[in-house]
Amino acid sequence: MEKKEIAILLDRVRRENPLVHNITNVVVTNFTANGLLAIGASSVMAYAQEEVAEMARIAGSVVLNIGTLRPEVVESMLIAGKAANEQGVPVILDPVGAGATQYRTETARMLMEELEIAMMRGNASEIANVAGENWSIRGVDAGESSGDVFELAVSAAKKLKTVVVLTGKDDIITDGHTAFIVHNGHPMLTKVTGTGCLLTSVIGAFTAVEKNMIKAATAAVTIYGVAAEIVADNCASQGPGSFQIEFLNQLYLIGGNDLIEKMSFTRKEVD
Ligand code: ATP
Ligand code: TZP
Ligand code: MG
Ligand code: MG
């Protein structure tokens, strides 16, 4: 993937203004809606079983996020996911906290089984737990592990037959054969709740304008990471409150040579 292609995909998001249907958690709802608007997409949150199929059908993508799951919302996820699958609308899963409780792990696995999930985005623990490997997890945050995250992403993608986006210091995007490793990002992203969840929805926006899931995710993850780096470089106050606001501003402002110059990713063929 060329750096220029990433800038072109950002332009497409801004021109086409895709609608992302989010069934997400109560912590990140407002941040997700504002982040999607800032990058140039549109956002709707709809949860009622009476309307989710209709909403999913008119959306450019559907993002399912299990951060504060409840049985009736899980049912809505299945209805929305099936309607999206029938219509060819990509469905992205964020298995927030998978591995922390049995309910989360089983729900994430059930959604993977029942739906055609085009992509799953999570931290190493979440990906490992959905794929059936036992990594430590603390609540919704990644646990410590000495495991090889690249190997984990590749094996999870193969096993789950989906594109895996495993985030952390480096981000790995792979279908189990081709992989991109994105080096952009900043540790301040871990000091603001919902930056992972928003990233999953931003990826959703890119899947609405680019059918190649690896390209869509690599573009979204790279732009997101560069935006965080620019904020960390420019922001007068180094605290998380200012970072959160300036990050939204930067998702809106990012582009041009700055973006191209700061992008850093490598491609790796697995077999
Ligand atoms: P967690 O709850 O474990 O923080 P998450 O779902 O919030 O997980 P992250 O893995 O933190 O998701 O990814 C969110 C964003 O933060 C991504 O863009 C990722 O590249 C970035 N990120 C996470 N950790 C770091 C780090 N140590 N250095 C740079 N960027 C990071
Ligand atoms: N608790 C349930 S969902 C959630 C918390 C704190 C937000 C998690 O957001 P992220 O993006 O995974 O950090
Ligand atoms: Mg986080
Ligand atoms: Mg998360």
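Glycine too: its Cβ is placed from the backbone N, Cα and C atoms.
Predicted automatically and left uncurated, TrEMBL annotations should be read as such.
For reference, TrEMBL has these:
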BINDING   Met45, Gly194  substrate binding site
BINDING   Arg121, Thr167  ATP binding site
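For ligand 1, the binding-site residues lying close by, meaning a CB under 6 A from one of its atoms, are Thr167; the full candidate list was Met45, Arg121, Thr167, Gly194.
Close to Thr167 (ATP binding site) in the fold, though at least 6 residues off in sequence, lie Arg121, Gly122, Asn123, Gly185, Gly196, Leu199, Val221, each with a CB less than 8 Å from its CB.
A Cβ distance below 6 Å to any atom of ligand 2 is met, among the binding-site residues Met45, Arg121, Thr167, Gly194, by Gly194. The 10 Å shell around the Cβ of Gly194 (substrate binding site) contains 22 further Cβ atoms across the protein chains shown. When secondary structure is read from DSSP and collapsed to three states, Met45 (substrate binding site) falls in the strand class.
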